[in-house]
Amino acid sequence: MTGFCVLGCGTMGKALLTGIFDSIKEQDEQASKNISVPDKFYACVKFVQEAIEIEKLFAGDVGISVTDEENVQKAAASDVLLLSCKPQGAEDVLGAPGMKEALKGKLILSILAGKTIDSLKNLLDDSTRIIRIMPNTASRIRESMSVLCPAPNATEADVEFAEWAFNGIGRTMKLPEKLIDASTAMCGSGPAFVATMIEAMTDGGVMMGIPFAQAQELAAQTMVGTGQMVLQGQHPAKIRNDVSTPAGCTISGLLALEDGKIRSTIARGIEQATKTASGLGNN
Ligand SMILES: NC(=O)C1=CN([C@@H]2O[C@H](COP(=O)(O)OP(=O)(O)OC[C@H]3O[C@@H](n4cnc5c(N)ncnc54)[C@H](OP(=O)(O)O)[C@@H]3O)[C@@H](O)[C@H]2O)C=CC1
Ligand SMILES: O=C(O)[C@@H]1CCC=N1
């Protein structure tokens, strides 16, 4: 029996649980061959209102707690904990009386932006293993891009478990911890940036007479298709060249985008979000 407890079950906790439940339902036997697939789930929140929402979402599948005391009990009954409170809340959640004890020998998957492995270790017993992970809200529909950074004390089995859990809700990539703030900007914040681009393309379509709903679908599916071509190995420059007929409409549109500094604006957005992410763990 493996217990999985979400410490801080808000936007991300719910998205991840939704994806993990769907993934378990599909039961890819090959992917879960060497994994202790969780069969007991717990969610810890602060307010009753949130608990009611979780109850509505997952019916009886998740044991819910709203007090420090119950949180500690749920943590003690679990083998793996997903730490998904706000970065500033880590001290409160992990510092609850009895929590450090309850987490001894357990695996913590922390998705807290800006909260380093060292700063988490200061709040935990040496026997608690940590993997930092940066997923995104597309976990809910099992299309997350999640970056994994195992702490030195994480075992191979821990990494296999994390890869199983997060591959089930999208793609994973292992990177060193020094790159997790940039990954936070790209993957964690990324849906907001891409959604802004979808909105901007939609605005353009609406301006040119396409009704909003249709314009939005055209923009979103074009993003999905282009992303898939890149993931299947096509270089973005080739995609761009293939589309750009000499003296055609694509190159004229591209030049207008370049006049607006689209590339450096987007790249600087990632740079800025990376800098902000690196400070989020400092309270
Ligand atoms: N939002 C995103 O797109 C992404 C966020 N992240 C990271 O995920 C983490 C969570 O973000 P997000 O889901 O947006 O935040 P939310 O505020 O939606 O969720 C935080 C949750 O923590 C709970 N909580 C707060 N204090 C306690 C406590 N003392 N005991 C138990 N539960 C507690 C809250 O409960 P209640 O609701 O009752 O207050 C809430 O459910 C952050 O650290 C963020 O950096 C990572 C990738 C993407
Ligand atoms: O904006 C934030 O702080 C969080 C972290 C990554 C995505 N959202």
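Cβ coordinates are placed from backbone N, Cα and C, and glycine is handled just like the others.
Remember, predicted model here, so these are calculated numbers, not experimental data.
So that you can see what the record holds, here are the features copied from TrEMBL:
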type: BINDING; residues: L7, G8, C9, G10, T11, M12; note: NADP(+) binding site
type: BINDING; residues: N71; note: NADPH binding site
type: DOMAIN; residues: 5-114; note: domain 'Pyrroline-5-carboxylate reductase catalytic N-terminal'
type: DOMAIN; residues: 177-278; note: domain 'Pyrroline-5-carboxylate reductase dimerisation'
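N71 (NADPH binding site) is 18 Å away from M12 (NADP(+) binding site) when you measure Cα to Cα.
The binding-site residues examined here are L7, C9, M12; by Cβ neighbour count within 10 Å, the least packed of them is M12. Sequence-ordered, the extra residues of this chain that approach the NADP(+) site, with Cβ no more than 8 Å from the Cβ center of L7, G8, C9, G10, T11, M12, are V6, G13, K14, V45, S84, C85. A distance of 15 Å separates the Cα atom of G10 (NADP(+) binding site) from that of N71 (NADPH binding site).
Within the group of binding-site residues (G8, G10), the Cβ with the highest number of other Cβ atoms inside 10 Å belongs to G8. On the backbone, the CA of N71 (NADPH binding site) and the CA of L7 (NADP(+) binding site) stand 8 Å apart.
The sparsest Cβ neighbourhood within 10 Å, among the listed binding-site residues (T11, N71), is found at T11. Predicted-model confidence for the domain 'Pyrroline-5-carboxylate reductase dimerisation' (177-278) is 98, expressed as mean pLDDT. Annotation note: T11 (NADP(+) binding site) sits in a helical segment as assigned by DSSP. DSSP assigns N71 (NADPH binding site) to a helix. Across the domain 'Pyrroline-5-carboxylate reductase catalytic N-terminal' (5-114), DSSP assigns 51 helix, 20 strand, 39 coil.
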